[in-house]
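Input: a single structure, listed below in structure tokens.
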């Protein structure tokens, strides 16, 4: 890993998967095909891309029962404990509708309503990602979304991974579509004969899923388009190099494009982490991926002072930030931009990825400047409430008509004045 | 206005301004030009599109002083009262960071932070829109955004409308760029020699502004892309036809593409509103626009029962909903989708457009199913806080490593296990 002295400007060498014109065209064509031919298109496209002709697009009760046979009891208990923590953290986020009732008789407020429905995309492939299911489904359930539908591409036998089915079933999600790619997104956005359309689609996916989400945005809401994963560790000389190295590598194993970065005030730590990374990386099963990430997008920045290091963190606006300094809590107020902030030597990133309770769907690619972790608010919306009384109306009518006329909107003014004339 | 008996499915004949390939190319080229040539590009493009060569891209103190000479004192007082109400309503929306501190020593929470900066686009043209400025700037200020920059296209003399300058100055916004269209959006998103880049761009604009916002989304955050305005009035036989007609017309005068809709349980009201609309429209200065809107996108739906009418409203998911029934309050719980809900005969839409306090930037085009009025949350973001204790770590380490391995991420498991070995 390169050790670089911190200068004024710092930025991650972010390497975003960019789409080609051909991919965009292909996604457009797939969406149109699903809109026009519904279930038939879904089956045709699944045959083409996933190599299996499905008779039934949905997972059956039998398949879910069968899946339980392939999960060991201890893992199941671990998933249940994780799920309980995630639920508990998200329940603290729920908000109430509110009104102000004024003495003049007016009532103003915000009504908070859950979305009617949500669709969760779960990637397929060799590994199963139960945590993706929990992190997307639980906030929607806590918000009060009544209809949740999950979708994931089947394997060549037309099956989904047991861990995926069991995790969904544990959360009470039984409406599971076997479809992936842009076709799954199109089905959720527009509906088919058997797939109900939803109000919002969340969950990670490959470039085709990302392009399709961007394309249907407006028809439905979407979560953010996730970029490669990032970690920044902010550490002083009290940090243990083996912990720091392990955490950088946990990020690096995700993807060749992941960015693992250390910002430290200690040159000694910088050098020791450099050594530890070499040592630990050699023993990793995914060492090729991790090496590419470390070499191409990893960096160790050394700062003269802690404040300078903190400012670099704010410039990077990382997805994950670990603070391993003498007193991490006193730095919290200075951190303006980070998706999740892990404080102290034991708050390793995987604690948050899987278990502690906060969401692991986090803003990447510097968007922590303006975006938030997935949360309960994302599955609710607000409506303004306005109730005006006679007293308030009479007091304010002239002001309102004056501003309407200043903006050249006469009918707006008249809608006020017709009421001044009337006996109410 | 057509009177139509309500059948099962109802939808607004929404007519969205769609962009052409040529417009998209043009916007892409403008954005590139501004990114490459900065201020020079801004000046060149302003000369080309607004017909004026600017020496100074920013409004000066003298121009603001001068603008006050063109505003009458009464209008100024009306604007100040509106601003006070808007500020007061938005202040009630502010949220606190929170943590849970558990007996096991863990601390979890959400840190709420204001965005560093925001840019507000204010359309130019003949009419000035002080309300746009108030509705976009005040939520950002209440959220705590430190740097707010406004932008609006200059007229052929290189000036902005006095009402725009005065409203901005009243709110304390003095950083005002003279630029419009895609070039203004590009400057705010990427910055130039003199224009600082911002984290979020809000405010309405024409198709070029909308396309540019969509294009820079991801680099910065944006508010929603607004469609044409909509009103749905839900009324029974207690409603006054002259009020209903005036409110439908206040929407209709905005734009030929606006949708003014009445849903009523009373056939008599339906007919009387039809007559009243004819009568009132004849006297409106913008009667051509209003007529086009009423004829092409207006409708009166009659329902057999109130519940059926309410369900139609939810299907329409209107931007503005007025409820003029015997007891509007008891319907509030049944309304699932609406941007703003106006209750009772005196809560005319312009009360909310300008004055009561809630925001007039509302979800259009059916997006009230999943979107909210512009609000203080839109100018903040959350960061998760995770602090794990020794006790909690030891208790949970095995669970966390188990889930990591289930997902095939060995380095995640090791980042936990390296800590189990260490003395902390």
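Note that Cβ sites are derived from N, Cα and C of the backbone, with glycine treated the same way.
Counting every protein chain shown, 15 other Cβ atoms lie within 10 Å of the Cβ of residue A:206 (NAD(+) binding site). The NAD(+) binding site annotation in TrEMBL covers A:121, A:183, A:206.
TrEMBL lists A:229, A:251, A:254, A:320, A:353, A:407, A:412 with the feature substrate binding site. Other Cβ atoms within 10 Å of the Cβ of residue A:229 (substrate binding site) number 25 in total over all chains.
The Zn(2+) binding site annotation in TrEMBL covers A:251, A:254, A:353, A:412. The Cβ of residue A:251 (substrate binding site) lies under 8 Å from the Cβ of A:229, A:230, A:231, A:258, A:259, A:260, A:293, A:320, A:349, each of which sits 6+ residues away along the same chain. In the three-state DSSP scheme, residue A:251 (substrate binding site) is classed as helix.
Residues or ranges marked as active site, proton acceptor by TrEMBL: A:319 (among others). DSSP gives residue A:319 (active site, proton acceptor) a coil state; it is part of no helix or strand. The Cβ neighbour count for residue A:319 (active site, proton acceptor), using a 10 Å radius over every protein chain in view, is 31.
Residues or ranges marked as active site, proton acceptor by TrEMBL: A:320 (among others).
Put simply, residue A:254 (substrate binding site) is 26 Å from residue A:183 (NAD(+) binding site) when counted between their Cα atoms. By the criterion of other Cβ atoms within 10 Å of the residue's own Cβ, the least surrounded of the binding-site residues A:121, A:254, A:320, A:353 is A:254. Proximity to chain B, taken as a Cβ less than 8 Å from one of its Cβ atoms, holds for A:407 among the recorded positions A:121, A:183, A:229, A:319, A:320, A:407. Rounded to a whole value, the Cα-Cα separation of residue A:319 (active site, proton acceptor) and residue A:206 (NAD(+) binding site) is 19 Å.
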